[in-house]
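Peer 1: Pasting a structure here, questions to come.
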Amino acid sequence: MVLVVDYGSQYSRLITRRIRENEVYSEVVFPDDKVDLSKVDAVILSGGPRSVYEEDAPKLPEWFQEYKGPVLAICYGMQLIVKELGGEVRRGRGEYGRTLVELSRDPIFEGIPEKVHVWMSHGDEVVRLPEGFHPIAVSETGVIAAATDGKRFWLLQFHPEVHHTEYGDRMISNFLFNVCKLEKNWKIGDLVEEKIRHIKETIGNKKAILALSGGVDSSVAAVLVHRAIGKNLVCVFVDHGLLRKNEREEVERVFKEHFDMNLVVVDARKRFLEKLRGVTDPEKKRKIIGEEFIRVFEEEAKKHDVEFLVQGTIYSDVIESAASGKTTAKIKSHHNVGGLPEKMNLKLVEPLRDLFKDEVRKVGKYLGIPDRIINRHPFPGPGLAVRVLGEVTEEKLEILREADYIFIETLRKHDYYDKVWQAFAVLLPIKSVGVKGDARAYEYVVALRAVNSVEGMTADWSRIPHDILDEAARRITREVKGVGRVVYDITSKPPATIEWE
């Protein structure tokens, strides 16, 4: 097993995912967790938002002194090893984003060109290596980008786990097989069976209620839990009035065709919109929706004598809500995580909590879920409430539904929907001047957003052909009453998040 020590990096679970892609089992622990070293073949120390010289900065685990195997230390992990072994780290100019580095010959860089672009995210830098270490990569600004003692420590200042690092997957696989001499012995089926066993042990003969949206996350969670407890699972679809066009009807149709499950549809449109009246702050909107969601489920659970609530929370939700560890920096709360009310009368089960979106899709395919569900674009739990910037009203929701529908329909028409990871429209809280007919118009602005990603932790804006964007913009301004201008968002993640709120 490869143990990943999480120092609060947004990418810690991504390291685990890269390892699992190589069919090697991996788990994540925190620095103060107890560990059975007899099961550990290699250790990876993650990055983190702290400085090693801060008074309360996370330290090496207590068990690390006893561990004698290979270590890959990334970003903060590299600086921690350097400091602990007598080297020097100090505040630098910082390197962020895509950076060119020059590599030296080393087993971890086997099969990789001498110069590659990597993903940096650090303010501190190593200025002196510990005795016995030598640099094996230097950045274009002269900063030590990687080092090793040639025995058991390999240190990388950049993040090989993110897709923006060229040959990052190869570096991780080189560490696993060239350095650690591990063997491939873990499959996605092992993960599925392990999760089904865990769900059976957790829920037993009790009943569970599942928050079904019809998206890939909740659908995979539903099938997993159904495999474990059968008819003791009640799937509840809540129409909170924040859905896309025709979404409720589509979900009902699909699940009646493909799944032999108890499906209950709750019409809660009025109560959600009433709660959101006058609210403009995005965090408040998310919290309100999360709390109201749980109230709906608690009411429904009482009708079915249910003790457990199942949610399709995935790991990118957890990370952005800073629920993965005390050193992680919070980005925003998700209604499946930070939006939950503190006093919940149901026991929470989140079978996908440690998986990224692409892993969830692989699990879904393994379980035999139809491609039209598996390949559906991600949709936030709070729905269109976080795509209507500012106060949510029926009028704004209807405008956004139509604009979003046209954008997606246009992408499908040109066979482009499956070429982007996520695409949607956002209604901005501003109006702009325009001309319709021979008259002055003063109408809303719609932003179109499309990104390419693998796991949702990083994303690049999609280079959709101009003629497709032009067609979508023309249709929206022509067919959607109240919209006079369409813009296209060309911001990547980071610095932006994928959703606007």
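Glycine is treated like the rest: Cβ placed from N, Cα and C.
Swiss-Prot lists 1-185 with the feature domain 'Glutamine amidotransferase type-1'. The active site, nucleophile annotation in Swiss-Prot covers Cys75, and the record cites similarity to another entry as its basis. Sequence annotations record features per position, and here Swiss-Prot assigns active site to His159, Glu161. According to Swiss-Prot, the feature domain 'GMPS ATP-PPase' maps to 186-376. The ATP binding site annotation in Swiss-Prot covers Ser213, Gly214, Gly215, Val216, Asp217, Ser218, Ser219.
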Peer 1: Mind giving me a neighbour count for Asp217 (ATP binding site)? Other Cβ atoms within 10 Å of its Cβ, every protein chain shown.
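Peer 2: Result for Asp217 (ATP binding site): 25 neighbouring Cβ atoms inside 10 Å.
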Peer 1: Where does Asp217 (ATP binding site) sit by DSSP, helix, strand or coil?
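Peer 2: Where Asp217 (ATP binding site) sits, the three-state DSSP reduction gives helix.
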Peer 1: For Val216 (ATP binding site), list the number of other Cβ atoms lying within 10 Å of its Cβ atom.
Peer 2: 24
Peer 1: Given the binding-site residues Ser213, Ser218, Ser219, which one has the fewest other C-beta atoms within 10 angstroms of its C-beta?
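Peer 2: Each of the binding-site residues Ser213, Ser218, Ser219 was scored; lowest Cβ tally within 10 Å is Ser213.
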Peer 1: Counting distance between Cα atoms, which of the active-site residues Cys75, His159, Glu161 is nearest Gly214 (ATP binding site)?
Peer 2: Glu161
Peer 1: Taking the recorded ATP site as Ser213, Gly214, Gly215, Val216, Asp217, Ser218, Ser219, identify the other residues of that chain whose CB atom sits within 8 Å of the mean position of the site's CB atoms, giving them in sequence order.
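Peer 2: Leaving out the recorded residues gives Leu212, Val220, Ala221, Ala222, Gly312, Ile373, Arg376, Phe379.
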Peer 1: How long is the line from the C-alpha of Ser213 (ATP binding site) to the C-alpha of Glu161 (active site), rounded to the nearest angstrom?
Peer 2: 30
Peer 1: By CA distance, which of the recorded positions (Cys75, Gly215, Val216, Asp217, Ser219) lies nearest to Glu161 (active site)?
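Peer 2: Closest by Cα: Cys75.
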Peer 1: With every protein chain in view, how many other Cβ atoms are within 10 Å of the Cβ of Gly215 (ATP binding site)?
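Peer 2: Around the Cβ of Gly215 (ATP binding site), 19 other Cβ atoms lie within 10 Å.
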Peer 1: With His159 (active site) as the reference Cα, tell me which of the binding-site residues Gly215, Asp217, Ser218, Ser219 is the closest one.
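Peer 2: Sorting the binding-site residues by distance from His159 (active site), the top entry is Asp217.
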Peer 1: Tell me which of the recorded positions His159, Glu161, Gly214 sits in the most Cβ-dense spot, judged by other Cβ atoms within 10 Å.
Peer 2: Glu161
Peer 1: Sequence gap of 6 or more, Cβ distance under 8 Å: name the residues on the same chain that satisfy this around Cys75 (active site, nucleophile), in order along the sequence.
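Peer 2: In sequence order, Ser9, Ser46, Gly47, Gly48, Ser121, His122, Leu156, Gln157, Phe158, His159 meet the Cβ cut-off.
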Peer 1: If you average pLDDT over the domain 'Glutamine amidotransferase type-1' (1-185), what do you get?
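Peer 2: Over the domain 'Glutamine amidotransferase type-1' (1-185), the predicted model scores a mean pLDDT of 92.
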